[in-house]
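Novice: This is the structure I have questions about; it appears just below.
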């Protein structure tokens, strides 16, 4: 048992820390740590860590791990973290570098101990998504009740605890920014115990969760933006480290960066990003919050070039700024939006930045101008606009005295009477406003009055402080209706806020983390949506449904969640002229039983390049459910018109019949005939609960197509309904 938890380490480690401050050379520092370990190792009683409960859930391993059995003979770094916390994310590059230098064969193991702040973070599936999103490759245990946290008396995120080969506590490091000490303490500990023959070189059963994932067009998209015309979308495909520019039907126009992380300017094919988040588009220029590179990037769609306009590529600690953009260190920018200075002559002469890493809102001057309560600034200057840098929920008439807690989303209402920025302040679970007249920071909804209480979260519709949110990451302004929409991320909902009445209500989502496209907003579900945007005309809202790896489209007039946007790759979807017919691709499709009905659909008029979305809604007999062992599927055939299918995704799995299956199909841009016939077929394997018999049933829908030479609009939807 750990006597007094981490407090037992404090006297000896404090002494060591002071001695290290006076040490001049690396050799002196190593000697001091070595002597400290001698002293700790010869203690009468080890400060030992209690065993982790056997019922805890593990990720990235072949099974549960015992600290005292499986990790005996290893130097173990315990990382107490919670996945919402920006400081915990800042620590991950240090841990990546450490596990790159020392493997389990060398005697080192890192174990992430996930100790949740928010209720949503206790759910294993949500931690899985975070492990994938942040490329965590060491074992992670879900300590949902924070048992080990309390046993060791850990007090804040992140905290590292370094253990010796007997599970004996040796060091603790609280907060971020201790890379040098982490490497020093770990390397000398490995050396010390190797000399004593106590380090074992056996492998630990690592099984990375990411290796079991199927490929997906999008991976954890964080943000989405729409241009003024409403015809182009920009998607931060965060998990693929790239930016996509698409038509509103999902057809890809530009792929910039990806699929691996990196830091490179240059042409689209050579540029590289690292987990980009916020994006802002004006005409043919896009600005990107390149979050894990700590940069702001500029994409020129005309020149097809990427350049860096702010940041130096390493995490900054400066909380004032004022240098020229590319010389100014910044920290984890999470969102960007265009705005106006108060003295500038040009529109959109400021880029506002949600600087999550320093809990502030910054400005990058795209032209010379003046900010509220500020002096004249030159073009290219990057500086703090609001926020002291303390992690707080503090409102103040003076922007520099206000406090934010990981601001992650920005929206602008430039018109009177608002003239403000809206800020999704994730760790205080609030939405705040910053006046663009005088810089005053005010509360809008969520949280509570105590500026130091960052635990006032929930899921409550209401007004002002009575409304409760849970870690909101995105906001967008609807100019037409004068309403603000909020991605209430950890409640898996989209909320709507009337800033006049300060009223906040659920617009879409049930609160359940899943992926249902229902017949109405309130029957549809999301999974940690991170960003959203509204067309200039106020018709469509696009939501980056992050953990569902989708962009969802909400029609604000009909209140129908119309679809998940299909991401259509031109290399896959365009059919080159004179391509020889390919018949080999349809050989392995299932054969429907002879009894399968064939439903004749009315003829559909379409144009070249148009997308048709087939919405498959199948109902099983009462008390029947899909057989999970046999793969139910849909597929498309076109026996006499195989040119329709070349390069197409011809089939897909049906995992759940309680919600509709969306089947996107795009016609080639070059059509060889004015008439064609498509067959959309489904093959289901299901079992009745009361019997051991399983059935295979099929259904075929015949869709005649009349192909005209004129554009029929970007998207048509066809419902395919059948009751078995």
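Including glycine, each Cβ sits where the backbone N, Cα and C put it.
Please treat TrEMBL annotations as automatic predictions, because they have not gone through curation.
Here's the feature list from TrEMBL:
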DOMAIN    38-198  domain 'Thioredoxin'
REPEAT    521-557  repeat 'NHL'
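Describe the structural context of these features.
Specialist: Long-range neighbours of the repeat 'NHL' (521-557) within the same chain, counting only residues 6 or more positions beyond its ends whose Cβ lies under 8 Å from a Cβ of the stretch, are 120, 126, 129, 216-226, 228-230, 233, 235-236, 238-239, 248, 250, 277-278, 335, 409, 473-481, 485, 487, 489-490, 492-494, 506-510, 512-515, 563-565, 567.
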Novice: In the repeat 'NHL' (521-557), how many residues does DSSP call helix, how many strand, and how many coil?
Specialist: 6 helix, 17 strand, 14 coil
Novice: Would you report the average pLDDT that the model assigns to the domain 'Thioredoxin' (38-198)?
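Specialist: Mean pLDDT, the domain 'Thioredoxin' (38-198): 93.
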